[in-house]
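> Feature list, courtesy of TrEMBL:
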type     : residues                                                       : note
BINDING  : Asp102, Asp104                                                 : Mg(2+) 1 binding site
BINDING  : Asp102, Asp104, Asp157                                         : Mg(2+) 2 binding site
BINDING  : Asp102, Ile103, Asp104, Asp157, Lys219, Tyr228, Gly237, Val238 : ATP binding site
COMPBIAS : 536-548                                                        : compositional bias 'Basic residues'
DOMAIN   : 210-355                                                        : domain 'Poly(A) polymerase central'
DOMAIN   : 357-537                                                        : domain 'Poly(A) polymerase RNA-binding'
REGION   : 1-20                                                           : region 'Disordered'
REGION   : 529-587                                                        : region 'Disordered'
Amino acid sequence: MTEPARQQYGVTPPISVATPTDKEVERNQALIEELKKQGSFEGAEESQKRVLVLNTLQNLTEGFVKKVCANKGMPEHIIKNSGGKIFTYGSYRLGVYAPGSDIDTLLVTPAHITRHDFFATLPAMLQELVPPPEDLSMVPDAFVPIIKFKLQSISIDLIFARLANVNSVPKDMALSDKELLRGCDEVNLRCLNGTRVTDEILTLVPKPGVFRMALRGIKLWAQRRAIYANVMGFPGGVAWAMLVARICQLYPMAVSAVVISKFFKILAHWTWPQPVLLKGIEDGPLSVRVWNPKIYPSDRGHLMPIITPAYPSMCATHNITKSTKSIIIREMKHAAEIMDGIMVGNLSWDKLFERHSFFTNGYRYYLSVVAAAKDKDTLLGWSGLVESKLRHLVMKLEILETIKLAHPFNKGFDNVHFCETEEEAIRIANGEIKAIDNQVGVKTVVTDLKAEQNGDVEKKEDESKFKVYTTTYYVGLEINTEISKHIDISWASQEFFETCKTWPSYNEDEHTIHINLARNFELPDNVFQPGETKPVKKTKKKIIKRKAGTANGGSATKKRSADEASINDDTKRARQTSVHQQQPAQA
C-alpha cells in the first residue's frame with residue numbers, strides 16, 4: 001500500500017520529512033526550559049489583563065464610530081449599525097508575546113469614518129478612560145500612521161484603516177476576503193496588511209505549536225544580539241516570523257530545536273537577494289503595486305527581501321542597508337556555530353542567548369546622535385522622528401570611502417538633565433554636555449521616556465531647576481584606515497539634519513539634534529549593563545631603543561602602523577567634526 005502524499009507547504013518541496021530523534025526531543029525540551037528560565041512566557045494574570053484592555057479598546061472603538069457619525073449628522077440607523085472592530089497583529093496575534101510586550105492593534109471602521117477622524121477624535125476619548133492612558137503620542141505622518149500609549153501598564157500601538165466599500169463593520173468580521181480591499185488607498189492597505197499577514201502565516205506552517213516555540217527562541221536571540229528593530233534597518237517581528245515559518249515549511253516534522261538549528265544553517269548562506277516566500281505571489285482585485293523586482297527598480301534594490309504572503313505582497317525588510325545586512329549574516333553564522341555545539345550536547349541553550357557586545361567589544365569609534373527637548377512629551381515625538389530617520393544617516397555613512405560599516409544600535413537611551421541655570425540647559429540641548437558634565441549645577445538621571453516611573457524621577461528633583469530631556473542613539477563605525485586616517489562625517493551629518501528638519505512638527509525653539517564622534521572609552525556609563533567592562537584608553541608604550549645584536553635582534557625602533565598613527569589624528573579630527581545642529585533651545 002502506497003503512503004499518502006504529504007501536503008506541501010510553501011513554494012518548494014520540503015528538504016526533510018524525518019521525524020524527530022530521541023536526542024532532538026531532548027534538546028527541544030531543554031530549549032523550552034531555557035526559554036522559561038529566560039522569562040519568555042507571561043503569567044496567566046498578566047495575559048488576562050491584556051484581554052480586558054482589548055475589551056476596553058473594542059468598546060472605545062464602537063463609541064468612537066458612533067460619536068463621529070453623530071457629529072456628521074448621520075441618521076440614527078447608520079449610527080447604530082456602523083460598528084467598528086479592534087484586530088490584533090504581530091507577536092500577540094501569533095501567540096509569542098513575552099512579559100512587557102506591547103500589543104499591536106488595528107482599528108477598522110466603515111467607509112464614512114476617516115483617518116482625520118481617528119486622529120482628531122480618538123485621543124480625547126482615550127483621555128476620558130478610567131484610568132486614562134499614559135505616554136500618549138501620535139505620529140500621523142509616519143509610513144504607517146500610529147497612536148501609541150500605555151493602558152493599565154500595557155503598551156498599545158494603535159493604527160487605523162477604513163474599508164472604502166463597507167458601511168458596517170460587525171464584531172465577527174474577518175479580513176481574509178481580498179474584496180474588502182477594494183477602494184483602499186496605499187496607507188489603508190499597509191495598515192490592513194499587518195493582521196492579514198499574521199493570519200496567513202499561521203495557516204502556512206505545518207505545526208503552529210512548533211512554529212511558535214521556535215519563533216520565541218529566534219526572537220529572544222535577535223533581541224539579545226540587538227538586531228531586532230525594523231526602524232533601525234534590521235528585521236522586525238513579522239520578518240523574523242516569516243523566516244521561521246519558511247524553515248518550518250522545509251522541515252514539516254521537525255521539533256522547534258531542529259527548526260532553530262536549520263534556521264541559522266540555511267539563512268546564514270542564503271543567496272540574497274533571492275526572496276524568502278511562504279507562498280506564490282498572488283494577483284488580486286486592485287490596481288495596486290505588488291512586490292515585483294522585474295518591474296520596479298526600488299524592489300530590485302532590496303538587499304534581503306522577505307515577502308509578505310497576504311495580497312498585496314510587500315517586502316517586510318525594505319529598510320535593511322548594506323551594513324545591517326552584513327551584521328545580520330555575521331550574527332547568523334556565529335549562531336550556527338553555537339547551534340552545532342548545542343545539538344551535539346557540548347553547549348547549553350543559554351550560550352545562544354548571550355547578550356551582544358556592541359559597546360564592550362564592538363567598535364573603536366561611535367557616533368552618538370542626540371535628540372533634545374525641554375519636556376518629556378515634546379521629546380517623545382521628536383526622538384521618534386529622529387529614530388525613524390537614523391537609517392538614512394547610516395546609508396549616507398556607507399557612501400563614505402573611509403567607513404567600512406555603520407552599525408546602528410537598536411534602541412535609544414533616555415536621560416533627563418537637571419540644570420541650575422537656563423544657560424546650562426541650553427548648552428545641554430545644543431550638544432555641549434561634556435563641557436558642563438563636571439559642573440555642580442548639572443545632574444543627569446537615566447530614565448525611560450515610556451516608563452511609568454518617569455514622573456517619580458522628576459518629583460524627586462527640585463522643580464525650580466531647568467530640565468532638558470535627551471534621547472541618544474549610537475552608531476558603531478568600522479573605519480577603513482587604508483583609505484584615510486581621518487573621519488569626516490560633516491556631509492552625512494548635515495544631510496541627516498536637513499532630513500529631520502523636514503518633519504512637519506519641527507520647531508527650532510523646541511527641538512535640537514546633534515552628532516558627536518567619540519572613542520569607545522568615551523562612551524557614557526549608562527550604556528553598560530552591570531558586570532560589563534567599559535573599554536579603557538590604551539596607554540602609549542615607551543619605545544626603548546636597542547642596539548643591534550640585543551636579545552630581540554633587528555631594528556632598535558618600531559614604527560607605528562597606519563592604524564596606530566591614526567589614533568591621535570582621529571581624536572583631533574573627532575573634535576573638529578563633531579557636528580552640532582545649534583538651535584536656541586528654550587529649556
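Glycine is no exception: its Cβ is also placed from the backbone N, Cα and C atoms.
Curation plays no part in TrEMBL annotations; they are all automatic predictions.
Surface or core, plus neighbours and distances: that's what I need for these features.
Contacts of Asp157 (Mg(2+) 2 binding site) defined by a Cβ separation under 8 A and a same-chain sequence distance of 6+ are given as Asp102, Ile103, Asp104, Thr105, Ile146, Lys148, in order along the sequence.
Other C-beta atoms found within 10 angstroms of the C-beta of Val238 (ATP binding site) number 23, with every protein chain shown included.
Under DSSP, residues within the domain 'Poly(A) polymerase central' (210-355) fall into helix, strand and coil as 74 helix, 4 strand, 68 coil.
Mean pLDDT for the domain 'Poly(A) polymerase RNA-binding' (357-537) in the predicted structure: 85.
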> State which of the following binding-site residues has the fewest other Cβ atoms within 10 Å around its Cβ: Asp102, Asp104.
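Asp102, out of the binding-site residues Asp102, Asp104, has the fewest neighbouring Cβ atoms within 10 Å.
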> Is it possible to get the count of other C-beta atoms within 10 angstroms of the C-beta of Tyr228 (ATP binding site)?
21
